[in-house]
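Written below as C-alpha cells is the structure these notes are about.
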Amino acid sequence: MTTLSIFHQNQPEQALTVVTDPDAIRNKLSAHGVHFDRWATRDLPADATEEEILEAYADEVARLKQDWGFQTADVVSLTADHPQKDAFRQKFLDEHTHSEDEVRFFVRGQGLFYLHFGDQVYALLCEKNDLISVPDGTRHWFDMGPEPEFTCIRLFSNPEGWVASFTGEDIASRLPRYESLAGGA
Ligand SMILES: [Fe+2]
C-alpha cells in the first residue's frame, strides 16, 4: 500500500505520522511543492516494451509535458535478478539534489522516496499507479531495496541535466531503510 511516513530527523526510530489515504498524502506533499497523483491502471503485458508502455500512458504523459514543460519521457526498469542491483541501489541512497525535477510514474513494482524538509523527513513508499514529482533543489534520496522490482516512466526537461549533487549529509544512513519501511515486500 502506498504509505507516507513522516519522521523528525533526530528521532528516526519512530514515525511522527503514517498516512495511507491517497488524498491525504497528496495534500501533505503538496504543502511542500511535491506533486503526487495516481493514474488509472492500463492493461499491459508483463514483457511490454518501452514503446508500448509510453503508448499506453500517452495521454497522461502528454498532459504532464504540457502542464509542466517536460520535453522527453523514457522508461526505466529493474528486476531483482540484475547482477548490478546493489550498485544501482547504492547510487541514489545518500541525500542529494538535482537541478531538474525528478518525476517518476510507477508502472510496476515499488520504490521508496525520502524527502527532507526542514527538520522532517517524508518517506513515501510508491507503488504501481503512483506519480511523484520532486521539485528541483529538494533534498532527497531513493531506496529501491535489496531485491528491486520496478518499472517507471521518467519525464525530463533536460535529461543531460539530471545528475545528483550530493549534500554530504549522513541523514539517509540514520533513517530506516527500505527493509524496515517496505515491510519485506
Ligand atoms: Fe534523485
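Note that Cβ sites are derived from N, Cα and C of the backbone, with glycine treated the same way.
For E95, the entry in TrEMBL reads site 'May play a role in metal incorporation in vivo'. Annotation source TrEMBL lists Ni(2+) binding site at H96, H98, E102, H140. The Fe(2+) binding site annotation in TrEMBL covers H96, H98, E102, H140. Here TrEMBL flags D101 as site 'May play a role in transmitting local conformational changes'. As annotated by TrEMBL, site 'Important to generate the dianion' applies to R104.
The two recorded residues, H140 (Ni(2+) binding site) and E95 (site 'May play a role in metal incorporation in vivo'), show a Cα separation of 5 Å. Of all the recorded positions given, namely H96, H98, R104, H140, the one with the smallest number of surrounding CB atoms inside 10 A is H98. Reported as a whole number, the C-alpha separation between E102 (Ni(2+) binding site) and E95 (site 'May play a role in metal incorporation in vivo') equals 14 Å.
Between the alpha carbons (Cα) of H98 (Ni(2+) binding site) and R104 (site 'Important to generate the dianion') lies a span of roughly 14 Å. The Fe(2+) site, placed at the center of the C-beta atoms of H96, H98, E102, H140, has further neighbours from the same chain whose C-beta lies within 8 angstroms: F92, T97, V134, T138, R139, W141, F142, A164. D101 (site 'May play a role in transmitting local conformational changes') falls within neither a helix nor a strand when secondary structure is assigned with DSSP, and so counts as coil.
Here the C-alpha separation of R104 (site 'Important to generate the dianion') and E95 (site 'May play a role in metal incorporation in vivo') works out to 18 Å. A coil conformation is recorded for E95 (site 'May play a role in metal incorporation in vivo') in the three-state DSSP classification, outside any helix or strand. Within 10 Å of its Cβ, the residue among the recorded positions D101, E102 with the fewest other Cβ atoms is D101. For the pair E95 (site 'May play a role in metal incorporation in vivo') and D101 (site 'May play a role in transmitting local conformational changes'), the C-alpha distance works out to 15 angstrom.
Around the Cβ of E95 (site 'May play a role in metal incorporation in vivo'), a 10 Å sphere holds 21 further Cβ atoms from the protein chains shown.
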